[in-house]
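Enquirer: This structure is in C-alpha cells; I'll ask about it shortly.
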Amino acid sequence: MNNLIVFPLLIPLCTAVLLIFLNGRLALQRWISMFGVLLCAASAAVMVYQVGHRGIQTLQMGGWMAPYGIVFVADMLAALLVLTTSVVAAACLLYAFRTIGEQRERHYFYPFFHFLLAGVSGSFLTGDLFNLFVCFEVLLIASYALIVLGGTKRQLRETLKYILINIVSSTLFVAAVAYLYGVVGTLNMAHLSVRVAEAGQGGMLNVIAVLFLIVFALKAGLFLFFWLPGSYSAPPAAVSALFGALLTKVGLYAIIRVFTLIFYHDAGVAHDLIGWMAASTMILGGIGAIAFSDIYRILNYNVVISVGFIAFGIAVASRDALDGAVFYLLHDMVAKALMFMLGGMIIQAAGTSRLQEMGGMIKRYPLLGWMFFIVALALVGIPPLSGFPGKLLMVRGGLADHEYALTAIGLASSFLVLYSMMRIFIQAFFGEEKSDPQPQLPPGKGTVYSAVGLCVLIVLLGIGSEWVYSFVSQASDALVHPSVYIDAVLKE
Amino acid sequence: MELYMSLAIGVLFAVGVYLILSKSLLRIILGTSLLTHGVHLLLLTMSRPKKGAPPLLGEHAKSYVDPLPQALILTSIVISFGVTSFFFVLAYKAYQKLGTDDMEQLKGDQDE
C-alpha cells in the first residue's frame with residue numbers, strides 16, 4: 001500500500017476543481033495551474049524513485065483487497081509515462097500562457113487542461129479495466145472541450161467527427177468489457193490475466209482480444225487513424241501539442257498493457273494482427289506525410305508514423321523490442337510536443353500554414369529554425385539524440401526475431417519522416433523570403449523557453465540514454481514477465 | 001432469455017450503425033444513443049441474469065442477481081448521457097454557425 005501513487009491523478013483533479021472557482025482571475029489561474037503541474041511532476045518523480053528501489057507499488061482503494069476493489073498499480077512503465085506526461089504538460093502550459101489568448105483562458109481552458117491530465121495519469125496508473133474506461137472518458141470529454149474551445153468553423157466541424165468516432169470506440173470498449181466479464185467474470189487486470197491463463201486463450205478469448213485491439217487502435221490511431229489528421233489540425237498549437245504527445249500514447253499504453261499482461265498466450269492471432277496494422281500504419285502515414293504541403297497535415301501524419309513504429313515493437317514483443325518500444329514511447333511524447341510547438345510558432349511567424357507561401361525565415365528566426373532541425377533529427381533517430389536508442393533496440397529485436405519485412409518498413413518510414421521534416425525545414429527556412437515581412441505576432445519569450453526546455457530534454461535523453469535505459473529495462477521486465485505484476489497486485 | 005436479449009441487442013446495434021451512416025447529424029446522434037442502449041443491455045445480458053432478488057441485503061433471499069454489471073451500467077449511462085448532451089449542443093452550435101446539418105457538406109476541404 002502506498003498512497004503516493006494516486007497523487008498524479010488527485011493533484012490535477014483538485015487543481016481543476018479549484019480553477020473552476022477562480023474563473024476570470026487569469027494571473028492567479030496561471031500560477032495555480034503551473035504550480036499544480038509541477039507538484040504533479042514532483043510526485044511522479046518520487047514515484048519513479050520508489051518503484052526503482054522497492055519494486056511495483058500498489059494502492060488498494062478503500063482497503064478492499066485486489067480483485068474486489070479498484071487497485072492502482074505503479075510499475076516502472078506507468079511511473080515513467082506519468083512523469084513524462086507531467087513534464088510535457090508543464091511545457092505545453094508555459095507555451096499556452098503566451099499563445100492561447102485571453103478569450104479561451106476566460107472560458108475554462110485551464111480546468112479542462114487539468115481534467116485531461118487527470119484522465120491521462122489515471123489511465124496509466126489504473127489496474128482495473130472498467131476504471132481504465134472511465135479514465136479514458138475523463139480525458140476524452142476534456143479533449144472534446146479543448147478541441148472545440150474557441151468555436152471557429154473548422155473546430156466545430158472537426159469536433160463533430162472526433163466526438164462521433166470516440167463515442168463509437170467507447171461503445172465498443174464497453175461491449176468488449178461486457179464480453180470479457182461474461183467469459184472470465186472479473187475486471188481486475190492482474191486477476192484477468194490469471195483467469196485467462198487458466199481458461200486458455202482459445203477462440204472466444206481471441207475474439208475479445210481482437211475487439212480490444214480495434215478499440216485501442218481507434219484511440220491510438222493505429223491503422224484506424226482516418227480521424228486523426230483532420231481532428232488534430234483544428235485546435236490551436238498548444239492543444240494539438242498536448243494531444244499529439246499524450247492522447248495517442250494512452251491508446252498505445254493500453255495496447256501494451258492488455259497484450260503483455262492479459263492476452264499474451266496465443267501470440268499467433270493478436271500479435272500478427274498488430275504487426276500487419278503497424279506495417280500499414282507506417283506505410284500509409286509515410287505516404288500522407290510526403291503528400292501534403294500543409295504543415296498541420298505533415299505533422300499529424302508524423303504522429304501516425306510513430307504510432308505505427310511503436311506498434312512494431314509491441315508486435316515483435318521480444319525483450320529488446322519492448323525495451324525499444326518503451327524508450328521510443330518516452331522519446332516520442334517529448335519530441336511530438338516539441339514538434340507541434342515549433343510548428344505552431346512557424347505558422348504564427350509566417351502567417352500561413354502552406355509551405356509554398358513560406359521561405360527564408362532562418363534570417364529572422366535562427367533559434368526557431370535550428371530547434372526545428374534538432375527535433376527533425378531526433379524524430380528520425382540520428383545517434384546523439386533521443387530517438388536513436390529506441391529505434392536501435394527495436395530494429396535489433398525485429399532482426400533477432402526474423403521479422404525482416406516489418407523491420408525494413410520501420411527503417412524506410414524513418415526516411416519518409418526525414419524527407420517530410422526536411423521539406424518543412426528547407427522550404428520554410430531557406431530560399432527567398434516570401435512571407436509578409438511584418439508577421440502578425442512574433443513568437444513570444446515564454447514559448448521559446450518551453451521549446452528550448454524540451455529541446456534540451458531531447459538531447460539529454462539521447463546523451464544519457466545509458467542512465468535512462470536502467471529505468472526502461474526495469475519497465476520492460478514487468479512486461480516480459482507478467483507474473484511480476486500479478487504477484488505485486490494479488491499477493492500483498 | 002439470453003437469446004432474446006441478444007437478438008434485441010443485435011437489432012439495436014444494426015439500427016444504430018445504419019443511423020450513424022446516414023447524412024443528417026440528428027440521425028447520427030440518435031444512432032449513437034441506440035448503440036449505447038444496445039451496449040448497456042449487452043452488459044446486463046453478459047452477467048447471465050438468472051432469477052434472483054434485487055441486490056438489496058434487506059431482501060433476505062437465497063440468491064441475488066449480480067450487482068457488479070448494474071454498477072457498471074449505471075456508470076456508463078451517466079457518461080454517455082453527458083457525452084450525448086454535449087454532442088447535441090455541439091450539433092446545435094454547428095448548425096447555427098455552419099448553416100447545415102448535412103455531413104456531406106461538412107467535409108471542409110475548401111479552407112485547407
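Backbone N, Cα and C define each Cβ position, glycine as well.
From TrEMBL, here are the annotated features:
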DOMAIN    A:127-416  domain 'NADH:quinone oxidoreductase/Mrp antiporter transmembrane'
TRANSMEM  A:6-24  transmembrane segment
TRANSMEM  A:31-50  transmembrane segment
TRANSMEM  A:70-96  transmembrane segment
TRANSMEM  A:108-125  transmembrane segment
TRANSMEM  A:131-150  transmembrane segment
TRANSMEM  A:162-184  transmembrane segment
TRANSMEM  A:204-228  transmembrane segment
TRANSMEM  A:240-262  transmembrane segment
TRANSMEM  A:274-292  transmembrane segment
TRANSMEM  A:299-317  transmembrane segment
TRANSMEM  A:367-385  transmembrane segment
TRANSMEM  A:405-426  transmembrane segment
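Show me how these features fit into the structure around them.
Expert: Counting same-chain residues at least six beyond the ends of the transmembrane segment (A:31-50), those with a Cβ under 8 angstroms from any Cβ of the stretch are 2, 4-5, 7-8, 11-12, 14-15, 18-19, 22, 57, 74, 76, 79-80, 82-83, 85-87, 89-90, 93-94, 110, 113-114, 117, 121, 471.
Tertiary proximity for the transmembrane segment (A:240-262) is limited to same-chain residues at least six positions away from its ends with a CB under 8 Å from its CB atoms, namely 77-78, 81, 85, 88-89, 92, 95, 113, 116, 120, 123-124, 132, 136, 139, 143, 146-147, 189-190, 192-193, 196, 209, 212-213, 216-222, 228, 232-233, 270-271, 274, 296, 299-300, 303, 307, 310-311, 314, 317, 322, 325, 329, 332-334, 336-341, 344, 479-480, 482, 485-486.
Long-range contacts of the transmembrane segment (A:274-292) within the same chain, counting only residues at least 6 positions beyond its ends with a Cβ under 8 Å from a Cβ of the stretch, are 213, 217, 221-223, 225, 229, 255, 259, 298, 300-302, 304-305, 307-309, 311-312, 314-316, 403, 405-406, 409-410, 412-413, 416-417, 419-420, 423.
Beyond the transmembrane segment (A:405-426), the same-chain residues lying 6 or more positions past its ends with a Cβ under 8 Å from any Cβ of the stretch are 275, 278-279, 282-283, 285-287, 289-290, 293, 295, 298, 301-302, 305, 308-309, 312, 315-316, 343, 346, 355, 369, 372-373, 375-376, 379-381, 391, 394-395, 398-399.
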Enquirer: So if I exclude everything within five residues of the ends of the transmembrane segment (A:108-125), which remaining residues of that chain have a CB under 8 angstroms from its CBs? That is, six or more out.
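Expert: Same-chain contacts beyond the ends: 5-6, 8-9, 12-13, 15-17, 19-20, 23, 29-30, 32-33, 36-37, 40, 72-74, 78, 81-82, 85-86, 89, 93, 96, 100, 131-132, 134-143, 145-146, 149, 242, 246-247, 250, 253-254.
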Enquirer: Give the nonlocal contacts of the transmembrane segment (A:70-96) in its own chain as ranges (CB under 8 Å, at least six residues past its ends).
Expert: 2, 5-6, 8-9, 33-34, 37-38, 40-41, 44-45, 47-48, 50-52, 56-61, 64, 109, 113, 117, 120-121, 124-128, 131, 188-190, 237-239, 241-242, 245-246, 249, 253, 256, 326, 329-330, 333-334, 337-338, 341, 344, 446-447, 449-451, 453-454, 457, 471-472, 474-479, 484-485, 488-489
Enquirer: Cβ under 8 Å to the transmembrane segment (A:204-228), counting only same-chain residues 6 or more beyond its ends: which ones?
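Expert: Contacts with the transmembrane segment (A:204-228): 136, 161-162, 165-166, 168-169, 172-173, 175-176, 179-180, 183-184, 196, 247-252, 254-255, 258-259, 262-263, 266, 269-270, 273-274, 277-278, 280-281, 284-285, 300, 303-304, 307-308, 311.
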